[in-house]
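K.L.:
Dropping a structure here in structure tokens format, bear with me for questions.
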Amino acid sequence: MSNISQIYDVDLKLLRCFCTIVEQKSFTAAQAALNLSQSTLSENLKSLEIRLGTRLCRRGPKGFKLFREGEAVYQAAKELFASIETFKQKASNINQGTGYELFVGIQDGIVENPSARIHDAIQRCSEYYPNVRFRMEVMLGFQLTGRVADGMVHVGIGLVNDQFPQLTYEHLFDEQGYMCCSDKHPLFAVPDDELTLEDIESAAYCNRGHLEYYHPERTRHGVTCGDIGLGIQSQLALILSGRNIGYVLDHTAEPLIAAGSLRALRPDLVRIVNPVTAMMGPGVADFKLARRFVDCLVDVHMELGQGRVLPRPAFATSCGTLVERDGVCTVVTSGKVAERFTPNAPMPSRRSAPSPERQVADSAPTR
């Protein structure tokens, strides 16, 4: 299959282009990500296929499709890049991170949160490593956790994802969101004392398709299955259209509520609280620069009083509805109790995956 007896820099360049095409799932998106013309990208892929002696994917009017050989090359390339990254980290540890690049991924919607003090952590880390070069990118939640798990991102700042138990987490602060509708939605004019949970549950809900975390039962065909929005801004656009209701983070919702274009639906009952964390994969456990940055993140959020834990909600998790009874929140799904936990329990700072008994309360969606 392969004509490669030795790997050169140009091979690494071609492989990185190919991996980007696979991860973006299209040539057009890969062009934007790599800042390359379509002709250059096509030529790079053709050169790689000649080097390997096999076709990797289909491209053209019918769209992009990865062949079995392409999947094998992609997985092997990820292992290769992870090994290179491990070597760079160990070399960086020898010279205390001098001149090294730290790749930090941030989940969308977090930078704008008033509780986020990422900029202070960057400044503090720079005092320890003056020559460090930060590379930062905003990503969707499933992209972030996947790349952190693969070792392609050194440190992630986002919500806990229990599908990746190999990740380690450090709590930074809690974010809060409300179930909202726009002034174009029928529920906007219904008074709070007349608005019931049944009204909210029967409305079309803006979900995340197969990535939906809070209400997976509402992604199926039916009246309550609304439009699909991947990312905070996509969901907000659909909610503001009046076609759907959906969760909006409080720092995003509040100015829109004040302007009269958005309304929180029964915030006394319907609310989400998610822990925002700093996360690392097992491949960077011994990378001193990454660990130092995580320590800086934790320290600045605690010192500045932003590492607070908000009260746990009375409604909405991955399992269905949270109803508070006698000081205990019960998760009800399909008419039966799924799990119980004590509300307002803090999520501790830790370097391990969330414990099973806390996953219902603390696990976060892939948005």
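Glycine residues also receive a Cβ, built from the backbone N, Cα and C atoms like all the rest.
So TrEMBL lists the following for this protein:
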DOMAIN    10-67  domain 'HTH lysR-type'
REGION    341-367  region 'Disordered'
COMPBIAS  343-358  compositional bias 'Low complexity'
K.L.:
Could you break down the residues of the domain 'HTH lysR-type' (10-67) into DSSP helix, strand and coil, giving a count for each?
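P.N.:
With helix first, then strand, then coil, the domain 'HTH lysR-type' (10-67) has 38 helix, 4 strand, 16 coil.
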K.L.:
If you average the pLDDT over the domain 'HTH lysR-type' (10-67), what number do you get?
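P.N.:
It averages 85.
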